[in-house]
Amino acid sequence: MLPSWTIGLLLLATVRGKEICYEPFGCFSDEKPWTGILQRPLKLFPWSPEDIDAHFLLYTNENPNNYQRINITDLATVRASNFQLDRKTRFVIHGFIDDGDSGWPTDLCKKMFKVEKVNCICVDWEHGAWTKYTQAVHNTRVVGAEIAFFIQGLSTELGYGPENVHLIGHSLGAQLAAEAGRRLGGQVGRITGLDPAQPCFEGTPEEVRLDPSDAMFVDVIHTDSASIIPFLSLGIRQKVGHLDFYPNGGKEMPGCQKNILSTIIDINGIWQGIQDFVACSHLRSYKYYSSSILNPDGFLGYPCASYEEFQEGGCFPCPAGGCPKMGHYADQFQGKTSAVGQTFFLNTGSSGNFTSWRYRVSVTLAGTKKVRGSIRIALYGSNGNSKQYQIFKGSLQPNASHTHDIDVDLNVGKVQKVKFLWNNNVINLFWPKLGASRVTVQGGEDRTEYNFCSNDTMRENALQTLYPC
């Protein structure tokens, strides 16, 4: 992938005509800002709809496993299908060197059917996506125009308004969705950008890339947003939505540091393994979204100016107005989806369903002597127990307090007790004892505080249990 577009961007191109038209989808210019700018020096036209050969594959709750193919220029195929006018319609759009008739797009539809009645349309434009990157960039314009034409037809012929439509696009698919939204004057109900493509889009004018004006609500998940040079990142860095989420800082995702062999020999197959090695962080965006459908509370985004401030605890807990949920339910952030450029940060798990719940833990120490070591806390709640998390490492002094935010991989529910452990891994002939006299735990979402107390002190590596004060 990378050599084709990086080398291609350096090539000189022959000046061509100013536009090409593909009826009934409109005309496409090869003038600025579409080409001839710093990010797009090549003059290219998009391929024709016939060459791209995009397919629109409808899945519904009535046919979750076998699609019904829709002809977007013949709405009789919609009337003859399981498409329901009283349901929301979500389009799922893949990106570069991907396809839409299997894999994550169809899996996304199936998860939606578990929580809602919905028309789910996978847009398979693989013929236009499996080519040189710069050509695929321009091909998105035609597929975007096709989607816009289809949505407009649903509105004029079936009375199905564009506000009922949600476009979900990964990588180039997100920029493709933006083109559809732009052509509809921003009347689409929602666009979700899953790590929108960076090359040929970062820093371009608004009409070229995803922008808040493309839909009534635009939410974005950034997972591979470091700079192209030297990191070869694929996702856009700039804020391009109403709500922009940067999980784990938005640059490198946990669990994406595996070695080459273990990644390529992936349990999901060789091709999936190769994709995960080349673009692991880039792919996490749709994996997070997919998991959020069934785990809505495990992806809470905290409003913050930077990831560094978030990590230092400066943006905890959620403000009085609450925090949005990254992913499928981001539009439930009531009354706060119209302001543009809002940034949110969170940490995720490294595997499994990637969920995480943030807690602030404060520990006040008890004992008679100062020692060096580390202290750890485990939470025990109505929904389950957490593993032990390190709160502090260094000089442990009686009566000193230490506070740290932890990201727990399950929602423990109402915290009922905590367990404290300390160690220094050094032989000490005096067998010092240390304990926690008070532990305070605060949940990030509801801001509830739980207080636990004890008069005990323990030798190292011995668990101390604290109960509500």
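The backbone N, Cα and C atoms fix where each Cβ goes, glycine too.
The following features are taken from Swiss-Prot:
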SIGNAL    1-17  signal peptide
DISULFID  Cys21-Cys27  disulfide bond
CARBOHYD  Asn71  N-linked glycosylation site
DISULFID  Cys109-Cys120  disulfide bond
ACT_SITE  Ser171  active site, nucleophile
ACT_SITE  Asp195  active site, charge relay system
BINDING   Glu206, Arg209, Asp211, Asp214  Ca(2+) binding site
DISULFID  Cys256-Cys280  disulfide bond
ACT_SITE  His282  active site, charge relay system
DISULFID  Cys304-Cys315  disulfide bond
DISULFID  Cys318-Cys323  disulfide bond
CARBOHYD  Asn353  N-linked glycosylation site
DOMAIN    357-469  domain 'PLAT'
CARBOHYD  Asn399  N-linked glycosylation site
DISULFID  Cys453-Cys469  disulfide bond
CARBOHYD  Asn455  N-linked glycosylation site
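Known features from Swiss-Prot, placed on the structure.
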residue	record	DSSP class
Cys27	disulfide bond	strand
Cys109	disulfide bond	helix
Cys120	disulfide bond	strand
Arg209	Ca(2+) binding site	coil
Asp214	Ca(2+) binding site	helix
Cys304	disulfide bond	coil
Cys315	disulfide bond	coil
Cys323	disulfide bond	coil
Cys469	disulfide bond	coil
Notebook entry, point to check: Can you tell which of the recorded positions Cys27, Ser171, Glu206, Asp211, Cys256 lies nearest to Cys323 (disulfide bond) in space, using Cα positions?
Noted result: Asp211
Notebook entry, point to check: Which one of these disulfide-bonded residues has the most other Cβ atoms within 10 Å of its own Cβ: Cys120, Cys280, Cys304, Cys318?
Noted result: Cys120
Note to self: Just to be sure I understand the packing, how many Cβ atoms besides its own are within 10 Å of the Cβ of Cys21 (disulfide bond)?
What the structure shows: 9
Next item on the list: Measure from the Cβ of Cys315 (disulfide bond) and count the other Cβ atoms within 10 Å, all protein chains considered.
Entry: 22
Notebook entry, point to check: Whole-number Å distance between the CA of Cys120 (disulfide bond) and the CA of Asp211 (Ca(2+) binding site)?
Noted result: 23
Margin query: Going by DSSP, is Cys453 (disulfide bond) sitting in a helix, a strand, or coil?
Written below: strand
Notebook entry, point to check: If you draw a 10 Å sphere around the Cβ of Cys453 (disulfide bond), how many other Cβ atoms fall inside it, taking every protein chain shown into account?
Noted result: 14
Margin query: Suppose the Ca(2+) site is Glu206, Arg209, Asp211, Asp214. Which further residues of the same chain have a Cβ inside 8 angstroms of that site's Cβ centroid?
Written below: Ala178, Arg182, Glu207, Val208, Leu210, Pro212, Ser213, Val240
Item checked: Structural state of Cys256 (disulfide bond), classified by DSSP into three states -> coil
Item checked: recorded positions listed as Asp195, Glu206, Asp211, Asp214, least Cβ neighbours within 10 Å -> Glu206
Item checked: In the chain carrying His282 (active site, charge relay system), residues 6 or more apart in sequence that have Cβ under 8 angstroms from it -> Ser171, Asp195, Thr223, Asp224, Ser233, Leu234, Gly235
Note to self: If I take the alpha carbons of Cys21 (disulfide bond) and Cys256 (disulfide bond), what is the distance between them in whole Å?
What the structure shows: 43
